[in-house]
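Asks: What follows is a structure written as structure tokens; I'll ask about it next.
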Amino acid sequence: MLARALLLCAAVALSGAANPCCSHPCQNRGVCMSVGFDQYKCDCTRTGFYGENCTTPEFLTRIKLLLKPTPNTVHYILTHFKGVWNIVNKISFLRNMIMRYVLTSRSHLIESPPTYNVHYSYKSWEAFSNLSYYTRALPPVPDDCPTPMGVKGRKELPDSKEVVKKVLLRRKFIPDPQGTNLMFAFFAQHFTHQFFKTDFERGPAFTKGKNHGVDLSHIYGESLERQHKLRLFKDGKMKYQMINGEMYPPTVKDTQVEMIYPPHVPEHLKFAVGQEVFGLVPGLMMYATIWLREHNRVCDVLKQEHPEWGDEQLFQTSRLILIGETIKIVIEDYVQHLSGYHFKLKFDPELLFNQQFQYQNRIAAEFNTLYHWHPLLPDVFQIDGQEYNYQQFIYNNSVLLEHGLTQFVESFTRQRAGRVAGGRNLPVAVEKVSKASIDQSREMKYQSFNEYRKRFLVKPYESFEELTGEKEMAAELEALYGDIDAMEFYPALLVEKPRPDAIFGETMVEAGAPFSLKGLMGNPICSPEYWKPSTFGGEVGFKIINTASIQSLICSNVKGCPFTSFSVQDTHLTKTVTINASSSHSGLDDINPTVLLKERSTEL
């Protein structure tokens, strides 16, 4: 009672008409419902807690809490004791049991069906059924609260430009200690923009990606009209062109597909792919080209296996196979690298067949915001001994043609990416993109960083110094925000102290992993009815999925089968080259890259 009275008094002191739920009084995922104008009630149903604010654990919950290790303890165990994990990885039933626990414990943190969106902070049919919205992990802060974060902090948030300049902008490039490379950085950017497709004409809370998951619309197009323009309608294949004996995407002129290119780009360099923004940087077009080649390769395999099949069945089955390949690569290569675990992750949909699991997904606005990993980007891009700055690199597909995919893969495999957590590692070229992320979070009325930590079962920070793990940035944040409980979600993710020798801090992993794994395993192809050889054209197609890796994808589609992975293998290869490239421009010297990045690709 005392705690409740104090929270209400604080709200009333700041605003006589404050919504009683502004103080976020309901804990442990309890739901706050206003009762009259100055009272509230917490719905603790199925939370495992009871009491006025859902703070008293039930008996079984109390036991679970006593036995459950902290996220950092779990991370330590999984990233140490390599010898033990090598043994576990070889014992199938143990590996399966642990992987099943990883999948269920993470994915159960995501509400399914979805619950809220920017306009509905309560359960509603509109929030459930309207696919044009991103869903929300936490409801928006009520409109009638005394401060932007509810009752904590100042009445106005700090200037977003100041936040970016003081704690986010790079002073000096900080390489990722996990050895993450640019093959990873561009894979992340390419992969996620099949479902991060904000409809900025309607606002940051809306999406054009109505499938809300891994549908490969960045390869095939979001609409049927776009897909048809990109298809060859022969043997299931996508349109392509041959340049120097190698397959590349067709041009905008040949397909009449809408793409975003500045007027300075020559027609023959305006490649057309599923995602309209992928002309932005050659790294994205590299992956677009690789997946185009893979689709057409799989079509050839299926055509040989099923000469009786027509174009449509070859196309549709190849698409399902590529979805399977993507999910396997993301879990076993991409997430495996990010985790730093010695435990070997496994893509096996059958692990969940006897579990309570819903094969549907809805992309959350917070997941989109969380995935703004711009500190990965280097200051320059090093390709085959040449150096390209941002102005030379963006909207310049001639770089891809000049060097070819083999050199791109080799060079990006060797070049180290930046560390995401720890602050002050954001490239100046994307300063405006980062500012826009903060502004859009405010427009969508995100709750505070600490509220999101509680949402994902992580203890809230008690001070800025605990958040950053140092004193200088902590003091800057203290001056900007005044209260750790008023710290914003997005900048906090980037300034949070990294885990030891890791790319991310605790919250990025604990909040990001549930969204990621639920989205991957919630795909229809992972369901019992779909996950069988016949869905993928028989054992041949099923094998393509079950043997997929980032290395096999490259070997099947890039001349010479260059070695690749998502981390730099030899630290001696990360040294900076000093040769300055002046060739391969496309008349873009007079274009400000930061303006283009802001106007055309706020999400990228």
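Yeah, the Cβs are placed from backbone N, Cα and C, and that goes for glycine too.
Just lifted these from Swiss-Prot, have a look:
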type: SIGNAL; residues: 1-17; note: signal peptide
type: DISULFID; residues: C21-C32; note: disulfide bond
type: DISULFID; residues: C22-C145; note: disulfide bond
type: DISULFID; residues: C26-C42; note: disulfide bond
type: DISULFID; residues: C44-C54; note: disulfide bond
type: CARBOHYD; residues: N53; note: N-linked glycosylation site
type: CARBOHYD; residues: N130; note: N-linked glycosylation site
type: ACT_SITE; residues: H193; note: active site, proton acceptor
type: CARBOHYD; residues: N396; note: N-linked glycosylation site
type: MOD_RES; residues: C526; note: S-nitrosocysteine
type: DISULFID; residues: C555-C561; note: disulfide bond
type: MOD_RES; residues: S565; note: O-acetylserine
type: CARBOHYD; residues: N580; note: N-linked glycosylation site
Asks: In Å, rounded, how far does the Cα of N130 (N-linked glycosylation site) sit from the Cα of H193 (active site, proton acceptor)?
Replies: 20
Asks: For C145 (disulfide bond), find which of the recorded positions C32, C42, N396, C561 come within 10 Å, Cα to Cα.
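Replies: Of everything listed, nothing lies within 10 Å of C145 (disulfide bond) (Cα to Cα).
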Asks: Can you tell me the CA-to-CA distance separating C22 (disulfide bond) and N53 (N-linked glycosylation site), as a whole number of Å?
Replies: 14
Asks: Under DSSP, is C32 (disulfide bond) part of a helix or a strand, or is it coil?
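Replies: Note: C32 (disulfide bond) is in a strand by DSSP.
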Asks: Check the DSSP secondary structure of C22 (disulfide bond), expressed as helix, strand or coil.
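Replies: Reduced to three states, the DSSP call for C22 (disulfide bond) is helix.
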Asks: Need the DSSP three-state call for C44 (disulfide bond) to compare against my parser.
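Replies: In three-state terms, C44 (disulfide bond) counts as coil.
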Asks: Please give me the CB contact count at 10 A for C555 (disulfide bond), counting all chains in the structure.
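Replies: The answer is 14 other Cβ atoms.
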Asks: Within 10 Å of the Cβ of C42 (disulfide bond), how many other Cβ atoms are there?
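Replies: Step by step: centre on the Cβ of C42 (disulfide bond), count other Cβ atoms within 10 Å, giving 23.
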Asks: Name the secondary structure element type, per DSSP in three states, that contains C526 (S-nitrosocysteine).
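Replies: Reduced to three states, the DSSP call for C526 (S-nitrosocysteine) is helix.
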Asks: I'm trying to understand the geometry here, so how far is the Cα atom of C32 (disulfide bond) from the Cα atom of C42 (disulfide bond), in Å to the nearest whole number?
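Replies: Between the alpha carbons of C32 (disulfide bond) and C42 (disulfide bond) there are 5 Å.
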Asks: Measuring C-alpha to C-alpha, could you say which of the recorded positions C26, N53, H193, C526 are within 10 Å of C44 (disulfide bond)?
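Replies: Qualifying among C26, N53, H193, C526: C26, N53.
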